[in-house]
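Asks: Structure provided below as structure tokens; questions to follow.
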Amino acid sequence: MLESRNVEYVELGVEKLKKVSVIQLVFLIFYEVSGGPFGVEDSVQAAGPLLALVGFLVFPFIWSIPEALITAEMGTMFPENGGYVVWVSAALGPYWGFQQGWMKWLSGVIDNALYPVLFLEYLKSAIPALEDGFIRIIAVLILTAALTYLNYRGLTIVGWVAILLGVFSLLPFVFMGVVAIPKLNPSRWLLVDTGNINWSLYLNTLLWNLNYWDSISTLAGEVENPSKTLPKALFYTLILVVFGNFFPLLIGTGAIPVHRDLWSNGYFSDIAKILGGVWLRSWIQVASALSNMGMFLAEMSSDSFQLLGMADRGMLPECFGRRSRHGTPLAGILCSASGVILLSWLSFQEIVATENFLYCFGMVMEFMAFVKLRMEHPAASRPYKIPVGTAGSILMCIPPTILILVVLALASSKVMVISIIAVIIGLVLEPCLRYSEKKRWFSFSRDSVIADFHSGNYQSS
């Protein structure tokens, strides 16, 4: 039996830094997960209007809600930077915690490589020189540097920027919905061609637009009163994400004739021009570009604070745990920015498929950690606890696990090879870091919380 005591999580030296509020957290999660309907167009191209609409209504119950609930429980159980790395370490040991951190960080960096490129994709119609060549490369570098600097300046600044970008990016779809009402034809929503469905593109599009709920857990140490704020923010964001994706799809597929081959990234701006004119198209193009900025900022914040949390746990050298005068992890930010620049050569669909592949590996370990901690430490402190028992916890993880297996099975050989190589690098990298620690090539922090928890000595209220 575990005895009861209180465990406090304190980030030494940063207590006076301003914490992230509920509204800031909502929009940070929003941009971690979705960022608006920009990118959902491929679901119509892949499967038609009916399956696209059904997918964005049903998929949250299979994937988003279980992932958000697990994030709420585990994030309040371990309210510190590192998030899912700490959960897996507590349940499966530090070696697998490192593998979780490696795969999730790499998945996040690959994901972030999309956004500077997509930002320019939406602007190239107005500035043709951005389509390719040297000017495009310079533009990617300048944009990445500017957004990286915003992350360096502090998480509260990123939070306020996310709010402004979120409101600006969603408003044009409200206007589009109003002007589309006279032109809606509900029969278009029922169109489906079961013999012409690209299941891989369909599932990857759904997963890419509705995952990463757990990413916010790596910022838990920066949140004001995380035991109450985190579950509340996850709930509000879930509603915002579902309606933010479904409503534009409903309008777009119902207001104009459906030509599936036209439904690709950026098509909402064409729909806006048909329904509202050039001014609405321009608004959505700018909103799309700015939404990519928001997703970049939120993702880099999560990735860099994850590395800080891993350094605090002794998984990475101490340099990753040092904060700038703004309270941000400078080494983690620079490392994540470098990864973004190096990976920006991949195509859009390759990036989405590869990051989903690695992300799915990490999610399997999260589900295992969640169930194992429920079974082995039922009395541990959980300020928010999903109202299901052990059997319910297992059952809740089955549908998303089946979905993971399907996504992995549908991956292309190129994506599989890249992802497996990445996994092997992580398996080798961890013992190399432990060897460097033994040889004292690098300095590592040591923290006993995870070791005590894993050994059974951890006590909670």
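Note: Cβ is positioned from N, Cα and C throughout, glycine not excepted.
Fair warning: this is a prediction, and the values are worked out from it, not measured in the lab.
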Asks: Write down the single range among 102-120, 330-348 that appears in TrEMBL as transmembrane segment.
Replies: 330-348
Asks: Report the listed stretch (20-40, 134-152, 354-374, 386-409, 415-433) having the maximum count of Cβ pairs within less than 8 Å of the transmembrane segment (46-65).
Replies: 386-409
Asks: Any contact between the transmembrane segment (233-258) and the transmembrane segment (386-409)? By contact I mean 3+ C-beta pairs closer than 8 Å, pairs at least 6 apart along the chain.
Replies: no
Asks: Are there residues at least six beyond either end of the transmembrane segment (415-433) with Cβ under 8 Å to its Cβ atoms? List them, or say none.
Replies: 95, 98-99, 102-103, 106, 315-317, 350, 353-354, 357-358, 361, 442
